[in-house]
Amino acid sequence: MENKMTNLLDGLNDRQKEAVTTTEGPLLVLAGAGSGKTKVLTHRVAYILENRLAAPWEILAITFTNKAANEMCTRIANIVGQMSEDIWIKTFHSACLRILRRDIEKLGYTSNFNIYDTNDQKRLIKDCLRELNLNEDNYPIKSVISKISSAKDEMIDCKEFAKRNDDFRGEKYAMIYARYQQKLKENNAMDFDDLIAKTVELFKDNPDVLEYYQNKFKYIMVDEYQDTNNLQYIFVSMLAEKHRNICVVGDDDQSIYKFRGANIRNILDFEKQFDDAKNIKLEQNYRSTQTILDAANAVIANNFERKEKKLWTNQGEGEKIEVRTCSDQVDEAMYISGEIEKLVSSGKYSYKDIAILYRTNAQTRALEDNLSCPYRVLSGLRFYDTKEIKDILSYLRVIYNPNDDVNLTRIINVPKRGIGDTTVGKIAAFAESMGVSMFDIISDEKYLEALGRSSAKIREFSAIINNLREYIDNIPLVDLMDKVFTETGYADSLMTENTPEARGRIENLQEFKSKALEYEKNVEEPTFGGFLDNISLVSDIDNYDTEQDAIVLMTLHSAKGLEFPVVFMCGLEKGLFPSYQSEGELDKLEEERRLCYVGITRAREKLYITYALQRVMFGKTESKVVSEFVGEIPEKLLNRTDNVVRKQFASYGSARGYSGSDLFGGAGKKSDMDYSAIIAKSTKSGAEMKSSVTYKKGERVMHKKFGEGMIVGITESGGDMMLEILFDNVGTRNLMASFARLKKL
Ligand code: ATP
Ligand code: MG
């Protein structure tokens, strides 16, 4: 025991040791990327167990994804062995779900409630709008969902919402919100926000339940604290109130979920709330080279609202950051593909060391089409989002909780069994007027008769469901799924169809079965409900298998907390990254910049940044300009390459009697010219390109990066001016007038 413990602290720096061993009282570890925050949390849990400060089940560690939870579990298991199994290492949602399954009856739900994802939510809101005679154009579903979600985050219930929003539209939103909540309850279902909101409500209304958990969790730890929203913050605060042994770690510069309600103030205000909180700063970065770190620091320094942090590394300077200008998204993908092959054939890296990160899922398409190496995409259509899996899941959910009208409506006529929309509408109307669920109606003979001709088919359907319900937790999950496939006629209908697509669907269903098998193997007490919960909580990133030798493609958001020897950040273009939605809004631009900081700091050894001059976006080809974030990285850290520019400059040069290679100082050698700026600008439309300022030869100007200099040449170029400037310190540069942001002196 003694030995292991010394091991536990071995290799940690003094600050990290302090954070691991400061177990009592509130503790805040606010530190930059790669400084070992997650490592500290893991070691801290192990330290508490080793010192017998608490039993495993008295520790609650909250991580941001299930994957992170599993990883932490494995790491702790490596240190403390089997004991790790009883620790609550969970995400906010999975912790709350576990609490709710136990006590939700106190809030008038039954414990077999279903969890609704965004698609289910949309369907439910649509129903609400229809019933309230409101038009989707005036009350867009997305905006309704976001309003309800913010209200829940602020713990504003329907009544309070109505009070606060008493204008015409506000009143309507209040009605939708109220109807939506009522429907969720009738369906015995919760959305994701409810999982946390209802837990907090449960704690508030039932002090005994709260006390039970307050006593239980002697030590509470939260990773990625900067991304907690208000409700999550209240949830942990309530739990920590008794023992006050709460340790939160995070980095305000990595807060990237404001659009989901993450409140950066939570981390900045932690010290106010827990006024005796100890504050430990970690300043050594163990992940990245100095070059990568310098780039990250330079970018994030442009944000106003932040706590200044120092970060250093002794990993050495490392290689320069490759910045590549590409002609379009295909060229970009081919370049990345080519570089990956070089990296791997050098023998230094394998595919799994490499990640491609992007701002939006839409960017995966061109990459997928042009990559010639094994890859995995953690985005796009998730496995659980395909039609067949959704259908079967709906069946499983109805079997689990027959009061779930949303899922029942989805599958009552899938496969087609002659129950038309009119009949379904009638059933819904009956249910509505009787105040019961649709399943109650179709299981009751006296209503069935009223449904006329369709009644025989409906009777058959409800018999299938009732029959399948008998098997819950009585036969292995996989067998239950087989029964669902066959007895509902689903498998038959695919088999009859016998198209390649249908065969693909059958394969997916087989895959679904293997997932059930896997669940049964991995979980100590597998249950049908547990399996459904497991599926509800799974996210893209959870499916990321680090063992497989394939490069990984994911959004910058999903990459949080991860690290890779080599990172490609692509699509660094204005309007894409930073997103066009942040245009003219400082808050949003700063969030985009934090996302850029997250991206850069995922790289350990090599970072590539790419951007394209043209990209197909929203179905049309757009000219693009390099992202301002690239310009924020000191030029000396970059190695710019660009065959597009060479071509264009070659023709520009030859018109003046130069050869392309003269301009670039010979083949392969890089020019000092800020040519990415020039070419980026030259693709803009004429109207945008015009510089409103007039320059003259001999004038002195100031450039943000190059300092003071004198204009020595001016060339008209496509409505803009190319200025040749002799800078006092860095020599001659050619800059486009409208792009260079020069100040006349
Ligand atoms: P992020 O902000 O990105 O979440 P983090 O602060 O959580 O980063 P970790 O992921 O815990 O940082 O650590 C970054 C890397 O540095 C990991 O590979 C980790 O194993 C390594 N590391 C952390 N501390 C040490 C140390 N004292 N000695 C050696 N390696 C360390
Ligand atoms: Mg971390």
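The backbone N, Cα and C atoms fix where each Cβ goes, and this holds for glycine too.
Using a 10 Å radius centred on the Cβ of ALA33 (ATP binding site) and all shown protein chains, the other Cβ atoms total 26. The ATP binding site annotation in TrEMBL covers ALA31, GLY32, ALA33, GLY34, SER35, GLY36, LYS37, THR38.
According to TrEMBL, the feature domain 'UvrD-like helicase ATP-binding' maps to 10-289.
Per TrEMBL, domain 'UvrD-like helicase C-terminal' is recorded for 290-561.
Other C-beta atoms found within 10 angstroms of the C-beta of GLY34 (ATP binding site) number 26, with every protein chain shown included.
The Cβ of SER35 (ATP binding site) lies under 8 Å from the Cβ of LEU282, GLU283, GLN284, ASN285, TYR286, LEU311, each of which sits 6+ residues away along the same chain. In this structure, GLY32 (ATP binding site) belongs to neither helix nor strand by DSSP; it is coil.
Within the same chain, residues at least six positions away from ALA31 (ATP binding site) with a Cβ under 8 Å of its Cβ are LYS37, VAL249, ASP251, ILE280, LYS281, LEU282, GLU283, LYS309. The Cβ of GLY36 (ATP binding site) has 22 other Cβ atoms within 10 Å, all protein chains considered.
Ligand 2 lies under 6 Å from the Cβ of LYS37, THR38, out of the binding-site residues GLY34, LYS37, THR38. Of all Cβ atoms in the shown protein chains, 19 besides its own fall within 10 Å of the Cβ of THR38 (ATP binding site).
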